[in-house]
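**Q** Found this in TrEMBL, in case it helps:
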- 224-251: coiled coil (COILED)
- 582-617: compositional bias 'Basic and acidic residues' (COMPBIAS)
- 618-634: compositional bias 'Polar residues' (COMPBIAS)
- 635-644: compositional bias 'Basic and acidic residues' (COMPBIAS)
- 658-669: compositional bias 'Acidic residues' (COMPBIAS)
- 576-669: region 'Disordered' (REGION)
- 6-21: transmembrane segment (TRANSMEM)
- 33-52: transmembrane segment (TRANSMEM)
- 103-126: transmembrane segment (TRANSMEM)
- 146-165: transmembrane segment (TRANSMEM)
- 177-201: transmembrane segment (TRANSMEM)
- 378-396: transmembrane segment (TRANSMEM)
- 425-446: transmembrane segment (TRANSMEM)
- 466-489: transmembrane segment (TRANSMEM)
- 523-542: transmembrane segment (TRANSMEM)
Amino acid sequence: MSGAALGLEIVFVFFLALFLLHRYGDFKKQHRLVIIATLLAWYLCFLIVFILPLDVSTTIYNRCKLAVNSSPAESNGSYVTLAPSKQKCFKPWSYIPDGIMPIFWRVVYWTSQFLTWILLPFMQSYARSGGFSITGKIKTALIENAIYYGTYLLIFGAFLIYVAVNPNFNLQWNQLQTIGIAAANTWGLFLLVLLLGYGLVEIPRSHWNGAKRGYLLMKTYFKAAKLMTEKADAEENLEDIMEEVRKVSESIKYNHPLRKCVDTILKKCPTEYQERMGRNMDDYEDFDERQNSYPSEKSLAKLHKQVIYSVQRHRRTQVQWQILLEQAFYLEDVAKNESSATRQFVHTFHSQEPENKIIQYFYTPTVEWYWECLLRPWFYRVLAVVLATFSVIVVWSECTFFSTKPVLSLFAVFIQLAEKTYNYIYIEMACFLTIFFLSICVYSTVFRIRVFNYYYLASHHQTDAYSLLFSGMLFCRLTPPLCLNFLGLTHMDATISHKNTQPTAYTSIMGSMRVLSFVADGFYIYYPMLVVILCIATYFSLGTRCLNLLGFQQFMGDSEMTSDLIDEGKELIRREKRKRQRQEEGENRRREWKERYGNRDDSTRNRVVHTDQKESSFSETNANRPLSKYTRSNGRTERDRIELLQDAEPLDFNADSINDDPLESDSGR
């Protein structure tokens, strides 16, 4: 059973990481190496979070076993019995044999560190490069990362020289390794507290505001106004870039050495621009190197980079605009259906995607009305209260986890109470909920933050390769200090508890932080208290107010700019709603016309075909008759035609429009 628990979690975490990456990345269009590297980074970080509770329960059992072995004891099956007190150390259901966890943590940790400090930064530059060959992209990536790698090598080299020259230091390889780990964890802890302070307040508040229909609708209008501005800017930028590409394509002819680079750029352009440039291009002219000045390969690489960025941004804004419209229409439908007497949810527009029949069977309009108009607001309020309670416990424990006598950290109290009864299921559930909540607060902030257009995780497959790789770097740098902080909150770290007990396998891989006492006894203990100040600042929206003062429009209820953007977004949504209504009305009219007259058209078409067949058969029989009869009938038909022409009334023409000369009429025609 022990190996099965570890194997099930490994498989489950892999599919979880794959699902999230599929939501944000695009498996069809993005490079396979980017997908594999990001998937590996996310998978290792999520794996650490899910496996660490098993490490805690196994460590508690090993401590009990060591305590029993130090006294007269006897072995009995799956547990060890202490002879004097008859104490039993039951083996947990998820027990992992000795020697497996240290190897597992060593492989996971050093692989994640290799990804975050070496491979992913290099792949970022490679993916963002505008080079036309693999060699060119590698060269560009090496040049861009030379300063990045050189800075770390310079610091590490200076430290090694200082240690070698100073006789007071006698550091071994394990201690140097611990110093490197401590430096990486210190950087990660610095960023971790900033993200954690934001997430502890924003996650409960967002769920509380999710119960307010008017709030969500106003915020959606605000987002619509901002997104329309960004969408227009992306379209204008794409037009400028495409005009530049058109000029380059017209100047560089088919037999120019750089024509292959231009063709590569054209393949990255949208289809409508490719067709337009293909029609206006004349490739049958030879280029003259003396008369025209042609762009260099370096400038074409820069243009290639701009094309990739502008096309990605334009596609992302288009998709986000459609998603935001659906969200706004749905929130408006909820506001209308709240006062419905029939208690059945009515949609203004039908879903464009086919619904699952099973969901459609159970999730009827009546069930949807009760959930959306009655149950969902209360569910969000209760969930917000539970999350706020967790946040308060985390803030209290972050400020008091260094106290061992008495134990003030609530998470440590819960784990120690369960440790006395060896309730391993409770221990694992408490550890999992704690570290899972911490991870949600930190990782959700990573998914929410946006650094201009430099870093932005957009759902529905709209995240670019650079942002995916950057998120993998952040996860790999944040997860190890997050786990150490969790072990400190639960007093499973010997550095915090000051007990000479067996450490967890994860802590043993980190090494003893006593090598750097000012880090172990100072920064790791007192810096997390800063989370209180960050939570207060987030609660009063100080960061939002600062960004608003700097000119970055943020959603604030007491701002005049916010009110203007809400009105603008409401008008945009109303315009799009009328447009979609006209489209649906046109489709309904065409459908009704087809249903009403479709059968009649078919019968008319069949009648015409039958008449044609009759006429063809009649002509065949006439062809077989004698020639005299045919001539007489033809003459009779000609006389009837002349009589009809004589009986017809003359048309009313103006005298000026009649021309007696047939030559002039022909020339005029």
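Glycine is no exception: its Cβ is also placed from the backbone N, Cα and C atoms.
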**Q** Return the stretch with the most CB pairs under 8 A relative to the transmembrane segment (425-446), choosing among 33-52, 103-126, 146-165, 466-489, 523-542.
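**A** Looking only at 33-52, 103-126, 146-165, 466-489, 523-542, the most contacts with the transmembrane segment (425-446) come from 466-489.
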**Q** Considering only the recorded stretches 33-52, 146-165, 177-201, 466-489, 523-542, state which has the highest number of Cβ pairs under 8 Å to the transmembrane segment (6-21).
**A** 33-52
**Q** Is the transmembrane segment (177-201) packed against any residues at least 6 beyond its ends, judged by a Cβ distance under 8 Å, and which are they?
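**A** Sequence-distant neighbours of the transmembrane segment (177-201): 113, 117, 159, 171, 391, 394-395, 438, 440-442, 444-446, 474, 477-482, 484-485, 510-513, 515-516, 519, 523-524, 527-528, 530-531, 533-535, 537-539, 543.
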**Q** How about long-range neighbours of the transmembrane segment (33-52): same chain, 6 or more residues beyond its ends, C-beta under 8 Å?
**A** 6, 9-10, 12-14, 16-18, 20-21, 25, 27, 104, 108-109, 111-112, 115-116, 119-120, 123, 127, 431-432, 435-436, 439, 465, 468-469, 471-473, 475-476, 478-480, 482-483, 486-487, 506
